[in-house]
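Down below is the structure, laid out as structure tokens.
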Amino acid sequence: MSTQDLDNKELNDKTIIKVVGVGGGGGNAINRMVEEGWQNVEFVAINTDARDLLRNEATVKISLSDETSRGLGAGADPEKGRQAALNHESDIRQALQGADMVFVTCGEGGGTGTGASPVVARAARSQGALTVGVVTRPFKFEGERRAESADRGIEALRKEVDALIVIPNDRLSSLADKNITILNAFKAADGALLSGIQSVTELINSNAYIHVDFNDVTTILKDSGTALFGIGQSKGSDRAIHASEIAVTSPLLEASIDGAHGILINIAGSEDMQLPEVYEAVDLVRKKASPEAQIIWGLTFDPDMGDVIRVSVIAAGFDSETPQEDADQPLIAGEKPSSAATAQPDSAISSPEVPSIKPIQLGGDENSAASSSTSASSASAQQAGYQSAPSSVQMPAQHTEPAADTTGDIDIPPFLR
């Protein structure tokens, strides 16, 4: 085989990544990714709300319209969302066929995202795809019922994915002006979903100088349960270690990464990065992980970053089923964390109100939707389950379903959900 043949073969063997937005929140995240120019990722939008689906920019759209929803949404009832997804499971499986990695993203607490996302994740994982959930918890002001529905939905989804990243919306207030508008607050939530996905996809960017391949990512995330992510950036003196500090103490982290058994790190910056500063950045994360942790890191050179260094961290594999909640994290604007990230010099760059996502390049042509039909598996007869339970990927699904969320909450319009 010639070198040219080898190069062509490598280019043709690229990782197929599909990002699925379920419900209004997931659909909004998809639209943001399309607007940002993400390439070589196939987007799939799934919704019970036909009007909202029409506005979506995804390549593939699946309407979960049935006799109960009639294309009008799930009415904040996760059981309606789940049943609608089960009724269209063969369509979902066909859309996800051939994927190496599938991200399932939604805003938890509503009807479609909460109820349908476990069905979507099971369809992806049962076909061999590395499946990662990236979801948000609702804002506290959205009410206790929505929060409880989100908790049940998160536990149901956790059983169907290899790794689950949960972003609490209330933590976003720590990144933004306390006078942020409600529209920008929800845009920030969408941006956080994007950042969670980008923190993984950036690691397998084929343009990286030290390349983390798909098998490396699989090693860390496969059957790992809860995963955490953080992104930090800084410039000037001690920029790398400050960026690393920000990443591991990020308000977007729902818990501490202490004791993680698997760590993925990507460091991005211009070619003037020096070995000692990169060493310090990686070593800071290593010290927080388990002594036996497997650490995989990558290095990306981007001349457009100038003096800025960005550190992305994914932590997974905890001794307990969920990592220890970090009580030091600020929950409202104006509070100050007790972490090292608060004592940064002026050179540190604070996280933006709405995270800025750079288009990712994975090499090769853009993937088209899978067209061959696949029969629905016997999994369609299984119940997803929404009762609270200790999280475990292997735990069998239960059958207790939540009541429809009809009172006690703010009715969030579909374009914001």
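Cβ coordinates are placed from backbone N, Cα and C, and glycine is handled just like the others.
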Check TrEMBL: it lists Gly24, Gly25, Gly26, Gly27, Asn28, Gly111, Thr112, Gly113, Glu142, Arg146 as binding GTP. Then name which of Asp190, Asp213, Asp216, Asp223 it lists for that same site.
Asp190
Site with most surrounding Cβ atoms, counting all protein chains shown within 10 Å, from the binding-site residues Glu142, Asp190:
Asp190
Hey, which of the binding-site residues Asn28, Thr112 is the loneliest by Cβ count within 10 Å?
Asn28
Taking every protein chain shown into account, which of the binding-site residues Gly24, Gly26 has the largest tally of Cβ atoms within 10 Å of its Cβ?
Gly26
According to DSSP, how is the domain 'Tubulin/FtsZ 2-layer sandwich' (210-327) divided among helix, strand and coil residues?
35 helix, 39 strand, 44 coil
Need one number for the GTP-binding residues Gly24, Gly25, Gly26, Gly27, Asn28, Gly111, Thr112, Gly113, Glu142, Arg146, Asp190: the maximum pairwise CA distance in Å, whole number please.
19
